[in-house]
Amino acid sequence: MRRVLALFVLGMCMLSGWCVPLKKSVSVTFPGDVLKNMTDTELANSYLQRFGYMDVQHRSGFQSMASTSKALMRMQRQMGLEETGTLDKSTVAAMKAPRCGVPDVRSYQTFQGDLKWDHHDITYRILNYSPDMGASLIDDAFARAFKVWSDVTPLTFTRLFDGIADIMVSFGKADHGDGYPFDGKDGLLAHAFPPGEGIQGDAHFDDDENWTLGKGAAVKTSFGNAEGALCHFPFSFGGKQYSTCTTEGRSDNLPWCATTADYGRDKKFGFCPSELLYTFDGNSNGKACVFPFVFLGETYEGCTTEGRSDGYRWCSTTENFDKDKKFGFCPNRDTAVIGGNSEGEPCHFPFVFLGNKYDSCTSEGRGDGRLWCATTSNFDTDTKWGFCQDRGYSLFLVAAHEFGHALGLDHSNIRNALMYPMYSYVEDFSLHKDDVEGIHYLYGSKTGPDPIPTIPSPGPDPKPDTTTTKSTTTTTTHPVDPSQSPCQINKFDTITEIDGDLHFFKDGQYWRMSSKTDGGLEGPFSMSKRWPAVPVVVDTAFEDLATKKIYFFSGTRFWVYTGQSVLGPRSIEKLGLSSTVEKVEGALQRGKGKVLLFNGENYWRLDVEGQKIDTGYPRFTDLVFGGVPLDSHDVFQFKGNSYFCRDSFYWRMNSNRQVDRVGYVKYDLLNCSGS
């Protein structure tokens, strides 16, 4: 009997694989692996501050245990957890869950007025797309998300294809320019701003997430004979089962799939997203990549992220980008990896790892059990890898939540409500009573039949950032060379007011926005012709109100122009600035003879006539200029207001030191169109 039992157990081991492994598991360090070694206490402090439960202590770093306990209880109440005031397991788990990036405790000191729209015909515009899903799937997800709210209110939502809409929708990664960076995969999924002008009302989605319809990769086909139907996984072809797109049966290496369970029976198929088939956005009208192509003298055989700081994969659509400047962004294949050191590249099957061959994703070599794959045939020699795709996050559900914020709703403390801050996938979604009551409080209930909004004609595809530019045009009464349009520039070296006109500087050129009634944008002009002594890159500039002298700062040096004569270069240490100050990033006039100079958290007051920093400086920027980003790369004055710029956005502060607007440099100051 014992022998029979032993044989039975051994047989079960062999069949199910749940017995002790015969070989020892090996743990490997993967290049590019992001490890978050944050303690639970550090996580809690960061979480409670970020989401409004606890005041941020700017410099003292002190936070009493009593206030931390209160903040924890407040957070636990919001999440529907037991209010222990301690950092228990359920609280830590909630803090690690994927969620919306909008604070739970609203504190919109930056924005003034009622946090609701004063009109019911809301417009929206999709500025760019994610490589995770086809454009038509993204369009549909956003349209359905808006319909969630129009179904229960008098609101209508009309999509614009150019110009400025109430709600500007975009995808971005990490530090995407609005002062509220994303944190990589998982964690913060998206955020939106309350209703209003400028950046208010806009919704941003983290493109480090895997965007799907909530149940894994949603692969929409092109061409073929299935009329754009989604792939059916798994499907059978030639006696084999396929759970991903395949190139089997084709000589052109184009990935395809069946759109029914059995290709042999139904003969229904389509081509899967591939850079060999098409690109999106860019300036090539969707043309396919051309391989190999030349970029900055180097030859590339596949999509690359070289030349970009945002991690998006792109390719040239001609043989030579250096000559033709034609490009597009590469769509992610259904087997595209997430993270690692090959973001967006497809898995390569089979691949070799530690001498063994793998035909599918594996968790070998990892201590966390996460599935991964190599993106070349041999990990041992190339060490190129990434995590295999999971179910992803439903773009529709996350968008419906964020659009609720864009309409003025706060987070709910009811777990089943759409406006609950944590993400959860729901198959058959419907609005919770709490969501309905909240939106009715702001806009009232729906009455009568749906109005028919005016639908504008689709314009050209939106064009997201290239390395340093955006492909847009400008509305102006003066001729501007389109190839040198300031509307193509994402971030200026500096902006300043000279002779009453706003000047925009970039790489040795400048544009002038006339303040005259019939004026407009002029340029570009060469800096070397008007100010020949000044270097190509200028960090800040200002015109002294009393003497009309123009000061230029670049690095640790400055120049002073009086008409055609110039003084300098001189070291900024001559003004009394410390040797640790590497550059001056902004200047604000403070009456005749006084100018504030900015660098990060600090500012100094310069006595212009005496050419010396006043005593008692530096001072902390946020003590006087609350609500503006401390990492502003440019600060200037225009028409009595102070502007603090960060990437493509600005924060405008009025004479009462209140931030009364957050907006786009491109649209608001340059008057660029959105086309």
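The backbone N, Cα and C atoms fix where each Cβ goes, glycine too.
Since the structure is predicted, the reported quantities are computational estimates derived from the model, not experimental observations.
Taken from TrEMBL as is:
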ACT_SITE  Glu402  active site
BINDING   Cys100, His232  Zn(2+) 2 binding site
BINDING   His176, Asp178, His191, His204  Zn(2+) 1 binding site
DISULFID  Cys231-Cys257  disulfide bond
DISULFID  Cys245-Cys272  disulfide bond
DISULFID  Cys289-Cys315  disulfide bond
DISULFID  Cys303-Cys330  disulfide bond
DISULFID  Cys347-Cys373  disulfide bond
DISULFID  Cys361-Cys388  disulfide bond
REGION    447-486  region 'Disordered'
MOTIF     98-105  motif 'Cysteine switch'
SIGNAL    1-19  signal peptide
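Here the candidates are the recorded positions Cys289, Cys347, Glu402. The one whose C-alpha lies nearest to that of Asp178 (Zn(2+) 1 binding site) is Glu402. Within the model, the motif 'Cysteine switch' (98-105) shows a mean pLDDT value of 85, rounded to a whole number.
Apart from His176, Asp178, His191, His204, the residues listed for Zn(2+) 1, the same chain places the Cβ atoms of Gly101, Ser170, Gly172, Gly177, Tyr180, Pro181, Phe182, Ala190, Asp202 within 8 Å of the centroid of those Cβ atoms. Here the CA atom of Cys388 (disulfide bond) lies 26 Å from the CA atom of His191 (Zn(2+) 1 binding site).
Here Cys257 (disulfide bond) is positioned 19 angstrom away from Cys361 (disulfide bond), judged by their C-alpha atoms.
Each of the disulfide-bonded residues Cys231, Cys257, Cys330, Cys361 was scored by other CB atoms within 10 A of its CB, and the lowest score goes to Cys361.
Counting other C-beta atoms within 10 Å of each candidate's C-beta, the recorded positions Asp178, Glu402 are led by Glu402. Ranking the recorded positions Cys100, Cys245, Cys315, Cys373 by other CB atoms within 10 A of the CB puts Cys100 at the bottom. Mapped onto three states, the DSSP output places Glu402 (active site) in helix.
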